[in-house]
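Asker: First the structure, then my questions, so here it is.
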Amino acid sequence: MLVGPPGSGKSTVAELIAAKLGKAHRDTDADVENTAGKPISDIFVDSGEPAFRAMERAAIVAALTADDVVLSLGGGAILDADTRADLAGHNVVFLDVSVGEAAKRVGLGVARPLLLGNVRTQLKNLMDARRPLYAEVAKHTVSTDGRAPEEIAAEILEHLG
Ligand SMILES: Nc1ncnc2c1ncn2[C@@H]1O[C@H](COP(=O)(O)OP(=O)(O)OP(=O)(O)O)[C@@H](O)[C@H]1O
Ligand SMILES: O=C(O)C1=C[C@@H](O)[C@@H](O)[C@H](O)C1
Ligand SMILES: [Mg+2]
């Protein structure tokens with residue numbers, strides 16, 4: 001199970017790990033979009049962040065009951081105390097990334113509504129606030145700066161044994 005800020009590579013790396021393990025990859029952002037029938041950016045505009053967080057929480061509860069999946073969580077999933085409690089006992093890996101590298105990876109698109117405006121500033125604020133929460137739920141932290149997704153996936157697989 002992968003957590004980390006936007007642009008840390010959760011979705012990309014989880015897909016690689018799932019392929020190596022022959023398991024399914026599940027991503028709570030994708031689950032929310034499928035349930036809502038629209039992109040996350042539209043959910044934020046149409047219904048607001050609290051409504052998105054409620055949908056995200058429901059997607060996580062559902063995903064945690066599934067067997068044999070490699071799960072990537074939305075960047076803000078760990079803001080929810082119930083989710084943090086639910087993650088205890090799971091094999092959670094925190095994908096860490098610097099502000100500069102994450103900003104390069106996510107670009108300037110509208111797909112990540114919380115980063116609109118000054119992407120670097122938003123990322124910095126968000127990471128400063130959340131780093132303790134990512135670290136709290138994770139059993140293992142992997143630095144991703146300057147490393148290819150394949151290398152990161154291999155390190156995690158090695159750690160999993
Ligand atoms: N280690 C890496 N090095 C370079 N680019 C990467 C790396 N990991 C992911 N990327 C690229 O960065 C972008 C963001 O990756 P990804 O969507 O996997 O991040 P995420 O953590 O799932 O973000 P979000 O929280 O917004 O869902 C993608 O274009 C992806 O190809
Ligand atoms: O960091 C966040 O709060 C978010 C990250 C994305 O994965 C999406 O879940 C959404 O854009 C919110
Ligand atoms: Mg993702």
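Each Cβ is built from the backbone N, Cα and C atoms, and glycine gets one as well.
Pulled the feature table from TrEMBL, pasting it below:
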{"type": "BINDING", "residues": "G7, S8, G9, K10, S11, T12, R112, R147", "note": "ATP binding site"}
{"type": "BINDING", "residues": "S11", "note": "Mg(2+) binding site"}
{"type": "BINDING", "residues": "D29, R53, G75, R130", "note": "substrate binding site"}
Asker: Neighbour count, 10 Å Cβ-Cβ cut-off, for R112 (ATP binding site): what number do you get?
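Answerer: R112 (ATP binding site) is surrounded by 20 other Cβ atoms within 10 Å.
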Asker: Quick one: which of these binding-site residues, D29, R53, G75, R130, have their CA within 10 A of K10 (ATP binding site)?
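Answerer: If one measures from the Cα of K10 (ATP binding site), the binding-site residues that come within 10 Å are G75.
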Asker: I'd like to know which of the binding-site residues listed (S11, D29, R130) lie near ligand 3, counting only a CB under 6 Å away.
Answerer: S11, D29
Asker: For S8 (ATP binding site) and R130 (substrate binding site), determine the Cα separation and express it in whole Å.
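Answerer: Cα to Cα, S8 (ATP binding site) and R130 (substrate binding site) are separated by 13 Å.
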Asker: Near K10 (ATP binding site), how many other Cβ atoms are within 10 Å of its Cβ?
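Answerer: 27, counting other Cβ atoms within 10 Å of K10 (ATP binding site).
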Asker: Based on Cα distances to G9 (ATP binding site), point out the closest of the binding-site residues D29, R53, G75, R130.
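Answerer: When the Cα distances are compared, G75 comes out closest.
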Asker: Please tell me which one of the binding-site residues listed here (G7, T12, R112, R147) sits closest to R130 (substrate binding site), measuring Cα to Cα?
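Answerer: It is G7, whose Cα lies nearest.
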Asker: Look at the binding-site residues S8, S11, T12 and tell me which residue has the greatest number of other C-beta atoms within 10 angstroms of its C-beta.
Answerer: S8
Asker: Given the binding-site residues D29, R53, G75, which one's Cα is the least distant from that of G7 (ATP binding site)?
Answerer: G75
Asker: List nothing but the one residue from R130, R147 whose Cβ has the fewest other Cβ atoms within 10 Å; the candidates are the binding-site residues.
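Answerer: Sparsest of the binding-site residues R130, R147 by Cβ contacts within 10 Å: R147.
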Asker: Starting from the Cβ centroid of D29, R53, G75, R130, the recorded substrate site, name every other residue in that chain with its Cβ within 8 Å, sequence order please.
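Answerer: Not counting the recorded site residues, we get P6, E56, L73, G74, G76, A77, I78, L79, L114.
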Asker: Grab the ATP binding residues from the record (G7, S8, G9, K10, S11, T12, R112, R147) and give me their largest CA-CA distance in Å.
Answerer: 23
Asker: So for D29 (substrate binding site), how many other CB atoms are inside 10 Å of its CB?
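Answerer: I get 23 for this one.
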